[in-house]
Amino acid sequence: MYSEADRTLWHGRIHDNDNHAHFTNSQLVQVVDAEGELTERFDVGILGYAVDRGVYLNQGRVGTKQGPDAIRTKFGNLPLMHDLSIADFGNVTTEEKFVEDVQHEYAELIDKTNDYAKFHLLIGGGHDISYAHFKGLKALYPEQSIGVINIDAHFDLRDSEYGTSGTGFKQILDEDADAGYLVLGLQEAGNTQHLFEVAEQYDVKYVLAEDIDYDTTDEIIQSFIEQYDIIMLTLCLDVIDSAFAPGVSAPCSFGLTPQQVERLIRAVLSYGKTRHLSIAEMNPEYDIDGRTAKLVGHIMFFAVHRNPSIL
């Protein structure tokens, strides 16, 4: 079910009402009804996946359906470093038992809003957003190959009769034989032996969290990206150490730092093959003083302000 964004979420400190050099994001965001006729084009589009049913079905900690709105409040208070236009295209939600219908709806909105923003921030919500993200890209680029880069502690290659937050990438690989899959920041202790066997079966590439460095990891990213026309980039916040990101569905004790994650995102975006970044598993129910939501706001800030697709 679609709902237009709540304009009151976009608030923050007002330094000046006229000089854009003093503006925060909240002062320039335009709330747009994505179900209506779209005419104006923006630099950045935001689309929320306010769904945690997939997390529940994956036996995780629910609460991520509140994630998109919590993220908006923190991103809105950050400075606007370039004269950019930002559209908030609203949220999808669901009260249904399963997530397939809301994933389909979200994919359709990705398709519809694509031409009306240079770069899209897809904010969740459970990591079942990944399958919806991919379906949206396939609708946009049916004849082009898609490589999926997932910055995540987990493979999310589980098998189930219905979609969950842990099945998205297996669904993608089962449906598209031409798709490739690279996981960055994987936790060896966060995946069963069976999941490693499934990853080998599907020829999944991965870099363990302990092996993330700049030179070697950049080479792996480059080698992967060069094989595909389009790169789908998705971030699961449980890849970040729980000292920095307590407000997630599955907190991680040996996770990456925010700086490492930002550096990985920047490396992927530098190739110009990525126009959508999905961010999953922000769970305000377990956040501390808005720490995780603010971290996501900063990740979005850098994804926008260090992005060759926009600037």
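The chain as shown is numbered from 1 upward.
Just so you know, glycine gets a Cβ as well, placed from its N, Cα and C.
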Can you find which of His127, His133 Swiss-Prot lists as binding Mn(2+) 1 at the same site as Asp152, Asp156, Cys236?
His127
Does DSSP give Cys236 (Mn(2+) 1 binding site) helix, strand or coil?
strand
His127, Asp152, Asp156, Cys236 excluded, remaining Cβ within 8 Å of their centroid (Mn(2+) 1):
Ser130, Asn150, Ala153, His154, Ser165, Gly166, Gly168, Phe169, Thr234, Asp238, Val239, Ala280, Glu281
Round to a whole number and give the Cα-to-Cα distance in Å for the pair His154 (Mn(2+) 2 binding site) and Cys236 (Mn(2+) 1 binding site).
9
List, in sequence order, the same-chain residues at least six positions removed whose CB sits under 8 Å from that of His127 (Mn(2+) 1 binding site)?
Gly54, Val55, Asp152, Asp156, Ser165, Gly166, Gly168, Thr234, Cys236, Ala280, Glu281
So if I draw a 10 Å sphere around the Cβ of Asp156 (Mn(2+) 1 binding site), how many other Cβ atoms end up inside it?
28
